[in-house]
Amino acid sequence: MSTNEQLAWDFDDGDVAEVRPDTGIARFAPGSEQWIAALQPTDDDAIRLDRFDVNTMTAEAAARLWARVAAWVESDQIAYYIDDSPVSSDAAYDARMRCLERLEAAFPSLDNPQSPTHRVGGSFSNDFASVRHPSRMMSLDDVFSIEELKDWYDSVIRDLDWPESKPLPMSCEVKIDGLALNLIYRNGVLEQGLTRGDGVTGEDITLNVRTIGSIPANLGGPKEDVPDFVEIRGEVFMRWDDFHTLNNEQEDAGRAPFANPRNAAAGSLRQKDPRITATRRLSFYAHGLGQLTWGPDHPRGTHDVVADQSQAYDLYTKWGVPVSPHNRAVTSFQEILDMIEYYGEHRGDIEHALDGIVVKVDDLGLQRTLGATSRAPRWAIAYKYPPEEVNTELLNITVQVGRTGRVTPVAVLKPVYVAGSTVARTTLHNGFEVKRKGILIGDTVVVRKAGDVIPELVGPVLERRKGREDQLREFVMPEFCPSCGAKLSPAKEGDKDIRCPNVESCPAQLTERVISLASRKAFDIEHLGEQSAIALTNPEENRPDSVATYAPNITEVLVAPGEEPDPYEPVEGLELPAAQKPVLSNESGLFNLTAADLRDVRVWREAAIVEVHETVGANGKKKKVRKRVGGSGLWHQVPAFWTAPTPAKKLTAKQLAERAQGEAAIESAETQGDTASETTGAPTGAEAPLGTMPGFAAASYPEYDVPADAVIVRVDHKTTRTGVTDVPVIIRPGENTRKMFDEMDKARHADLWRVLVALSIRRLGPPTARLIASAMGSLAAIENATIEDLTAIDGVGPEIAESVVNWFAATREPGDWRGATLRAWQAAGVGVDEAETSSLPQTLAGKTVVVTGSLEGYSRDSAKEAIIERGGKAAGSVSKKTDYVVIGANAGSKAAKAEELGIPMLSETQFAQLLATGTI
């Protein structure tokens with residue numbers, strides 16, 4: 001290892017190597033490779049480290065010693081700080097830490113931010129640095145039918161020129177639905193844990209990997225069986241029982257449960273704080289081998305002692321690395337089919353989620369003969385099971401209105417677990433699709449996931465209708481918009497979709513448009529999400545129909561396990577509050593909003609039913625456990641953007657002194673010509689300090705912490721031993737509200753293409769908006785463009801061009817809301833800047849690139865944007881004009897089309913190279 005190689009370090013969950021007897025370290029020269037390899041995590045060897053002069057070492061030997069000692073120190077740290085179960089004496093820990101400090105002082109290249117020497121107490125965190133894999137970590141090609149699997153099997157036999165009468169040893173394994181992981185061990189010590197990433201570089205998650213109990217910090221077994229260096233590939237996952245336990249804990253703590261074990265494992269493995277990961281009960285199975293080096297002085301010599309996959313698994317078992325118990329050795333295609341059939345019938349019976357069967361040629365020499373494509377080995381394949389289908393009840397069919405007015409029927413299902421997550425709703429696309437499927441409300445229906453991702457209602461189970469005909473009813477698409485009451489109709493004759501024509505003021509459409517303009521694809525206002533958009537445009541959503549379900553003072557209903565809530569009796573004389581007028585009636589007022597405008601906005605919330613029971617904790621003490629079990633049907637209002645009234649905190653003597661110093665500094669600055677406004681600024685999102693609002697009297701309560709943007713709504717009189725004290729009760733914009741206004745200020749200077757997307761022009765998405773903005777240069781030019789002008793831009797089709805021209809034509813109509821929005825935004829400084837020319841090198845000028853499948857480092861849109869930013873054309877289909885096709889996971893027919901046409905197919909790594917250089 002070179003001395004400038006940066007390593008990231010992590011810790012274990014307390015499982016360190018057992019203390020072994022002296023292995024003869026005294027016979028090796030201190031500082032030699034043999035001496036370093038013979039060191040053990042014992043007190044005696046810690047003393048040896050403390051006495052050793054690191055200045056006598058070479059840089060390479062110092063790096064080896066640092067790696068070994070750092071791993072032990074981090075194991076000690078997690079055992080002490082996370083597990084509260086120290087495994088080393090204080091003297092041994094201190095000696096190892098001093099050794100690291102001396103090494104880093106003598107060899108500065110070893111001193112990096114991830115070193116244990118930079119960690120204060122129990123402060124552990126990850127930065128997920130990108131690290132190159134020692135050897136490439138490839139993904140697998142998928143097949144979805146037995147015919148495709150047989151084609152692959154026959155191609156292997158053919159490419160190896162294997163005699164038909166001779167059995168070909170293969171390994172059959174269940175495909176774990178988890179996250180791929182590369183474990184790097186040097187001299188038997190866990191050095192790093194990396195995610196797959198793009199296969200060439202992955203994220204360093206070593207800190208979190210060390211918390212997984214089944215991953216050993218040190219490889220066990222006889223010394224002659226432990227190599228100098230090895231990459232162990234495998235899968236991190238969560239067992240079903242651990243997943244259910246975690247979700248119960250999430251619900252008890254009032255947090256949302258995870259949708260499936262894979263999501264739970266992914267979220268747990270990417271925690272910034274590894275102490276959280278340590279509580280998540282993650283598991284690991286090894287299933288592959290990367291680089292393996294025994295070293296010249298190894299007892300077995302320099303030859304490769306692992307001849308096949310099964311031998312690697314035997315070694316893993318000796319080392320204490322877990323391997324799946326479901327692996328099978330097979331020698332014929334029929335045995336592969338037997339494995340597929342067995343686990344197809346027993347998918348729900350094993351300890352973890354699975355999504356297929358992996359078949360590998362067992363012999364490593366034959367694997368090398370077969371080689372690999374640009375992204376996957378030819379010696380392995382993943383057979384994916386057909387989409388899992390389950391039955392459930394169709395409770396109802398509702399409709400939702402989208403941002404362009406399209407009205408879509410949505411199936412409301414009795415929640416059912418299918419292919420890794422719980423499904424409770426799925427789109428039915430349009431009324432014609434409902435009729436085509438022949439479904440009735442109340443039917444038992446078949447649900448599956450298309451591609452194991454998108455929920456799909458297949459159709460009814462007809463035999464379940466017998467005797468229940470009177471409980472079923474046909475769905476009829478509404479005549480009027482459920483949100484605004486406008487009459488629905490197709491946009492043009494022959495359309496299957498029906499739309500709400502009330503584009504300007506339909507609350508549902510406006511809400512969806514605000515959500516869209518705040519999204520990452522447009523203005524990227526992160527803290528203006530769905531709930532904030534509803535509060536701005538339709539705060540009376542969920543308003544109760546009558547006072548019978550209005551409970552202004554009930555935020556939750558507590559019940560004992562198994563009990564039902566008591567009936568609710570409204571207080572006599574109680575009336576529903578007056579309906580609120582939305583703050584936004586269209587998008588035009590968005591950038592004129594102030595925090596003061598949002599002070600009185602309230603939204604409706606349902607009181608939860610919370611089950612409370614007592615349990616005994618690990619310390620023997622009783623504690624109450626709360627679990628949300630449903631909604632009560634009772635509604636109350638809560639502030640949407642400001643905090644609830646809260647007593648101000650009294651300042652400590654130290655805080656009062658600091659405030660006095662700050663005020664003195666401001667006064668001094670003012671006497672030198674600076675203004676107070678330059679020093680303190682105005683509250684975020686307000687045109688004037690909120691202190692000018694009625695009821696504000698912060699100056700009257702100098703001993704309390706009353707923020708500059710707060711309003712005192714009342715004064716409570718608190719009786720203490722010294723008498724009656726006046727306590728100001730304040731409200732202020734919430735933290736999310738303050739962040740929202742900050743982000744809106746930044747959005748005023750958004751790129752022109754983002755402004756175009758934010759205008760919600762039908763059919764116009766980010767990639768095409770970029771093309772138009774880049775070609776036209778300014779909003780004024782786009783406003784006056786013709787269809788011919790726009791279609792002259794490479795990549796802009798006639799339908800999109802027509803939509804853009806029609807939208808801007810509407811802005812010129814007197815009283816049209818689109819014109820009002822455009823003028824208001826321009827007055828606020830939005831869209832007045834000309835489009836900036838890309839500062840990136842135009843490496844793809846004149847090139848057409850198609851992206852298919854999912855990439856690790858890019859979303860579908862960001863990949864297209866990366867191509868366009870570099871002067872290329874991001875096409876949606878493969879043709880003879882295509883220059884490159886980027887192949888991601890689960891690539892479909894486009895990959896086959898590219899292969900058929902002989903178009904170069906790129907991995908994600910090659911795509912990154914293409915973006916950077918324009919060549920491969």
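Quick reminder: no glycine exception, Cβ is built from N, Cα and C everywhere.
Marked as active site, N6-AMP-lysine intermediate by Swiss-Prot: Lys175. Residue environment of Lys175 (active site, N6-AMP-lysine intermediate) contains 21 other Cβ atoms, counted within 10 Å of its Cβ in all protein chains.
Of all the Cβ atoms in the protein chains shown, 13 others lie within 10 Å of the Cβ of Asp94 (NAD(+) binding site). Residues annotated as NAD(+) binding site in Swiss-Prot, with sequence analysis given as evidence: Asp90, Ala91, Ala92, Tyr93, Asp94, Ser139, Leu140, Glu173, Arg196, Glu235, Lys360, Lys384.
Taken from Swiss-Prot, the feature compositional bias 'Polar residues' applies to 669-682.
Residues annotated as region 'Disordered' in Swiss-Prot: 659-691.
Separation of the C-alpha atoms of Arg196 (NAD(+) binding site) and Lys175 (active site, N6-AMP-lysine intermediate): 16 Å, rounded to the nearest whole number. Neighbour counts were taken as the number of other C-beta atoms within 10 angstroms of each residue's C-beta; across the binding-site residues Arg196, Lys360, the minimum falls on Arg196. Each residue contributes its Cα atom, and for Asp90 (NAD(+) binding site) and Lys175 (active site, N6-AMP-lysine intermediate) these two points are 44 Å apart. Recorded residues Lys360 (NAD(+) binding site) and Lys175 (active site, N6-AMP-lysine intermediate) have their alpha carbons 12 Å apart, per Cα-Cα distance. Each of the binding-site residues Ala92, Leu140 was scored by the number of other CB atoms within 10 A of its CB, and the lowest score belongs to Leu140.
Distance from the CA of Lys175 (active site, N6-AMP-lysine intermediate) to the CA of Leu140 (NAD(+) binding site) is 11 Å. Spacing of Ala92 (NAD(+) binding site) relative to Lys175 (active site, N6-AMP-lysine intermediate) is 43 Å (Cα to Cα, whole number). Looking at Lys175 (active site, N6-AMP-lysine intermediate) and Asp94 (NAD(+) binding site), their Cα atoms lie 44 Å from each other.
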